[in-house]
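J.: Encoded as structure tokens, here's the structure I'll be asking about.
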Amino acid sequence: MRIELEKATKLDRIRADYNVHYWSQGFYGIDDQGEVYVSPRSDRAHQIPFSAIVNELEAQQLNLPVLVRFPQIVHQRVHGICHAFNQAIEEYQYPNKYLLVYPIKVNQQREVVDEILASQAQLETKQLGLEAGSKPELLAVLALAQQGSSVIVCNGYKDREYVRLALIGEKLGHKVFIVLEKLSELDLVLEEAKSLGVKPRLGLRIRLASQGAGKWQASGGEKSKFGLSASQVLSVIERLKREGSLDAMQLVHFHLGSQMANIRDVRNGVNESARFYCELRALGANIEYFDVGGGLAVDYDGTRSQSSNSMNYGLAEYARNIVNTVGDVCQQYEQPMPVIISESGRSLTAHHAVLISNVIGTETYQPEEVHELGVDAPLLLQNMWRNWENLQDGTDARALIEIYNDTQSDLAEVHSQFATGVLNLEQRAWAEQLSLRIYFELSRKMSTKNRFHRPILDELSERLADKFFVNFSLFQSLPDAWGIDQVFPVLPLSGLGDAEERRAVMLDITCDSDGAIDHYVDGQGIESTLPVPAWSKDKPYLMGFFLVGAYQEILGDMHNLFGDTHSAVVNVDEHGQFEISYINEGDSVEDMMRYVHIDVDAIRDNYKQLVSQRVEANEQAQILAELEQGLAGYTYLEDF
């Protein structure tokens, strides 16, 4: 009984270390066996271990890495956002409705868009629309949107073809809003609407003075890339009045930026934009839709804070602030309350996808005995040994800092003297081993309670951490972790009862020093290393990278010609049985070569020529077969 209690206490501590309960929204967790599970159904009745899913993937001959999608999570996110706004509308007696518009730029994968639309297929009154920000996206949306879909919103810069396609969407039965980003677009819309005989639905993107904080703050404010200034807005209204087309202006739109962490910034932006709405209504524009754009954040680190990786509000608070603010401003200026639209793509899709891969090797530090050099050893090395002896004899907190600083300085001097030929290779190796031994002992003797020790302990943790080489490309699968230091939850998928054994950093398999994850969710903060169970080459070691369903796939690049990973769609039935409903195989080596315009047929001819010239006749068929197999194979490592 005592052992079970200790195990439960340890697992609770580990759950807190990974902060899973808070960033996962209940979709993921750690069970009592230390296994990470997914619970994608709305009733949360069933917990499916990821190890079982991986076993099934392997049974279907799918090698890691694999991106696993859970469409039931997408459905729940749609329902959750719509429910939050519907509740707020009821609470504040707001006399209009809410529409959720999905910007497909967040994740254009067909299975993702289909599931978003399917989430309300059984509802009589649907609250879903789609947004396009380019011609290719618009052409996709025109086909994917349900007939009579609530809305299609067209954002982004537009040429004549883009405008014509949007207007053609009206002929196809869609309700298409063309949002003006710059003044010149108005001429195009009016000309092509007349040419096609279509009455356009226009929107205005307002360039607000309000601005959020964080990585995407440049999306808002007076210097933002998109939107019309107050004077430009008035120019549009005057032009439409002259054309007798003011009734075409039906929507006002703004965008403060993605991942808005502070609800106050959201409220300020909505308030300013609602003032624009009321002023435009007073000028005669029959605007009926109020589009707050994106910004609904994802709590990647689970801290519920104003960090750029978090959010200090929930869905209900977000919806209440928007509905209440719009309602108050409209009431104050005696204007009708519009249909509220949000473009909440990140919040819709982030949670549904998990990248699973395997650790293919590690580099670890194990304390080794270091022997004293002879009396004729260089003075520099003798000083290092003296520090080691002082550390073993026991020292006060201040002396520990001095030993650390001295060791840092001495090791730098060792490297300098080796470069100039004063020290030889054996002496350099001895100094490096001794410094690691000193760092290890310092990490055990220093205390996090001492504020002067904390930054040193962070540095020592990085120095002594295990290096886990994971079979994936950071640039392909987690580009935001590299490009903007986005934090994604990362954790081993099994054996977490022993997760306090080691600390590690995750490195990818690209030939690039940037291919490393630098930040990890750890309790209520971010650390530079991750607590993990010790790695063993005798059994598979699986890592999960969570909340990767927004932006990562489409932003991923092909560094070192690592291509798209395999992906699999997993559903769970009411009995707790899971099924791999769909598999999309990742890129082969040949696929990637063709993408960069390498003539694969010429490659094959070159192989044949080289083999015929250099390889014994009895080996030629086997060598050619292996080369051909390599071209057809997965771009990631397969023999681990």
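Cβ coordinates come from backbone N, Cα and C, glycine included.
What Swiss-Prot shows for this protein is this:
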MOD_RES   LYS105  N6-(pyridoxal phosphate)lysine
BINDING   PHE290, ASP291, VAL292, GLY293, GLY294, GLY295, LEU296, ALA297, VAL298, ASP299, TYR300  substrate binding site
J.: What is the interatomic distance between the Cα atoms of LYS105 (N6-(pyridoxal phosphate)lysine) and GLY294 (substrate binding site), given in whole Å?
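T.: About 12 Å separates the two Cα atoms.
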J.: By a simple count, how many Cβ atoms lie within 10 Å of the Cβ of GLY294 (substrate binding site), its own Cβ left out?
T.: 25
J.: Translate the DSSP assignment of GLY294 (substrate binding site) into the three-state scheme.
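T.: Coil, per DSSP.
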J.: I'd like to know which of these binding-site residues, VAL292, LEU296, VAL298, is least surrounded, judged by other CB atoms within 10 A.
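T.: Minimum Cβ neighbour count within 10 Å, taken over the binding-site residues VAL292, LEU296, VAL298, occurs at VAL298.
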J.: For PHE290 (substrate binding site), list the number of other Cβ atoms lying within 10 Å of its Cβ atom.
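T.: Looking across every protein chain shown, the total is 24.
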J.: Let me spell it out: for each of the recorded positions (LYS105, TYR300), count the other Cβ atoms within 10 Å of that residue's Cβ, using every protein chain shown. Which one has the most?
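T.: The residue with the most neighbouring Cβ atoms within 10 Å is TYR300.
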